Amino acid sequence: MSRSAFTALLLSCVLLALSMPARADDLPYRFGLGKADITGEAAEVGMMGYSSLEQKTAGIHMRQWARAFVIEEAASGRRLVYVNTDLGMIFQAVHLKVLARLKAKYPGVYDENNVMLAATHTHSGPGGFSHYAMYNLSVLGFQEKTFNAIVDGIVRSIERAQARLQPGRLFYGSGELRNANRNRSLLSHLKNPDIVGYEDGIDPQMSVLSFVDANGELAGAISWFPVHSTSMTNANHLISPDNKGYASYHWEHDVSRKSGFVAAFAQTNAGNLSPNLNLKPGSGPFDNEFDNTREIGLRQFAKAYEIAGQAQEEVLGELDSRFRFVDFTRLPIRPEFTDGQPRQLCTAAIGTSLAAGSTEDGPGPLGLEEGNNPFLSALGGLLTGVPPQELVQCQAEKTILADTGNKKPYPWTPTVLPIQMFRIGQLELLGAPAEFTVMAGVRIRRAVQAASEAAGIRHVVFNGYANAYASYVTTREEYAAQEYEGGSTLYGPWTQAAYQQLFVDMAVALRERLPVETSAIAPDLSCCQMNFQTGVVADDPYIGKSFGDVLQQPRESYRIGDKVTVAFVTGHPKNDLRTEKTFLEVVNIGKDGKQTPETVATDNDWDTQYRWERVGISASKATISWSIPPGTEPGHYYIRHYGNAKNFWTQKISEIGGSTRSFEVLGTTP
């Protein structure tokens, strides 16, 4: 038998073995997968990511979701929980509240040690869910409805995952994806002396953890790959989970189609990696932000699907974890992690290069113009005197724009941050609370791998944007260049070295089965939040119209590939977020228009868009579009709108709605 034939036979045997049902009692783990809606306010709330005062929500393209994975070791009953969210960041406020809720509902089961929360870093979701002022500047303060929707949804996703615990097996695989990201700060990257293998500026590694049930069926997967979720530009006003959210949607909705299947596309060291392959907003590979979102998402899906379908390495062994809060203010760093000299971190400050934004993904302006920002004015302004000389020296090459760590009565950026590590058999997963550049993450990954090999660790996955958010982390060499990422590295030139020290120490603790010390406590600032974004006083319909009336009816007929556009008199979307529901339905009533109505699309589907606009002082218009996708059954359809309106006199919020006349889908264009 030839070598190629033998290899093919061996691969076939492996795949057959993986797909064969196994006795539940023989399986090493139980796992549960769950998903819940975390979509915030869909109108008149600043979006989180681009820091633009002008970018406010005005509808929904697709909803935001939390995807939870609960893993339980069969032998010990020990559990780990990983949640990936379609959010710009996991802010510490969210982490603290979620953990408080879990501890209250499941005492002794879930705590900071075994729950990791992560974000995809979409820039097209409503903001205002941080307790630190720096991240609420362009949103005009704290947005309680959005915050509660996020917390409630994350908790609900974990509850659903726990309710679905089943025996199963885990498999790890990896591969390279080289056409879905590009380094937006290549000159800074090239200053690193250790870029062998990374000369083109990207980290191509994708890691996939597959969840296989007792029948040998794939129940879900987590894919880690570094690329910013900025395919949608700062000109977009529709809520969107961006490219990673589309990858999840495509696998779950278009490919698997199995109830309960959950696919998460998580981040790693994406700090300087853009999906805009032409290095300008909304460009690359196409010149349309929606096409780019789908294409970059499809490329991530295709690689993850390929890896999950290959013969993978089975994950076997114990579950373990470590977690600690660390005060980053003046944290000492040992010489082996620096330039051979003892160093320390600085009080947090942002640099002038941050104000320009990232021109490749979307420039600022951060909402820093005090005359245009009542929230900033109420905080006392951006600059409060000349920064102390000690801070200027500590921050080295950075020209300080604002010393955010010295703001009173509370700092504008975190001082205490979470560091976390999971052990899942021979895999270690690191949870880091910031955006790490390619080499900042690679250095930590390599160092942890070296520290963990003696414990049988074969794979290290680095997950940024986890448990909290403290802007960027660059290498020492990149920091000196003071591009956007360097100006956004809060704690000074040795920030990456500090994280590397903390993760190596934690890896050693896991290896030696030692506890880690938490000497700091993350402050709860929920008492002290402000909001200058106006709410809903009341809703009025158009003169001579009623809520739910159709302002624009569909044509009599369309063909597949056409776009149907209709409009309704509606209320303000802030009245009801319609969590786990929808603002629209596309309904199929059959070829004769008389069959039982069947919903074929909602506001979570790629082919629909729900756009809201204010008309006059208190009226609202909802414009709904449906791009008829290939595979749509010919027949009669109508579009229904759901909304809510607030009465001025009683302040009561009531559900409203309306439906268009029916229209016919004829098939493809001749």
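One-based numbering along the chain as shown.
The backbone N, Cα and C atoms fix where each Cβ goes, and this holds for glycine too.
Summarising the annotation, Swiss-Prot assigns signal peptide to 1-24.
Counted within 10 Å of its Cβ, the other Cβ atoms near HIS228 (Zn(2+) binding site) come to 30, all protein chains included. For HIS121, HIS228, GLU435, TYR472, the entry in Swiss-Prot reads Zn(2+) binding site.
Annotation for SER274 (active site, nucleophile): spatial neighbours ASN181, ARG182, ASN183, ARG184, VAL227, HIS228, THR230, SER358, GLU360, ASP361, criterion Cβ-Cβ under 8 Å with sequence separation of six or more. In the three-state DSSP assignment, the secondary structure recorded for SER274 (active site, nucleophile) is strand. Annotation comment: Swiss-Prot describes SER274 as active site, nucleophile.
What Swiss-Prot records for CYS346-CYS394 is disulfide bond, and it gives a curator's inference as the kind of evidence. Neighbour list (CYS394 (disulfide bond), Cβ cut-off 8 Å, at least 6 residues apart, same chain): GLN344, CYS346, THR347, GLY492.
The average pLDDT for the region 'Required for correct folding and localization' (644-670) in the predicted structure is 93. Summarising the annotation, Swiss-Prot assigns region 'Required for correct folding and localization' to 644-670.
Spatially close to GLU435 (Zn(2+) binding site) yet at least six residues away along the chain are HIS121, ALA270, GLY271, GLY464, TYR465, SER471, TYR472, VAL473, GLU485, SER488, judged by Cβ distances under 8 angstroms. Remark: secondary structure over the region 'Required for correct folding and localization' (644-670) totals 0 helix, 16 strand, 11 coil, with classes taken from DSSP. Other C-beta atoms found within 10 angstroms of the C-beta of TYR472 (Zn(2+) binding site) number 25, with every protein chain shown included. Using a 10 Å radius centred on the Cβ of HIS121 (Zn(2+) binding site) and all shown protein chains, the other Cβ atoms total 28.
Each residue in GLN267, ALA270, GLY271, GLY464, TYR465 lies on the same chain as HIS121, HIS228, GLU435, TYR472 and has a C-beta within 8 Å of the C-beta centroid of that Zn(2+) site, without being one of the site residues.
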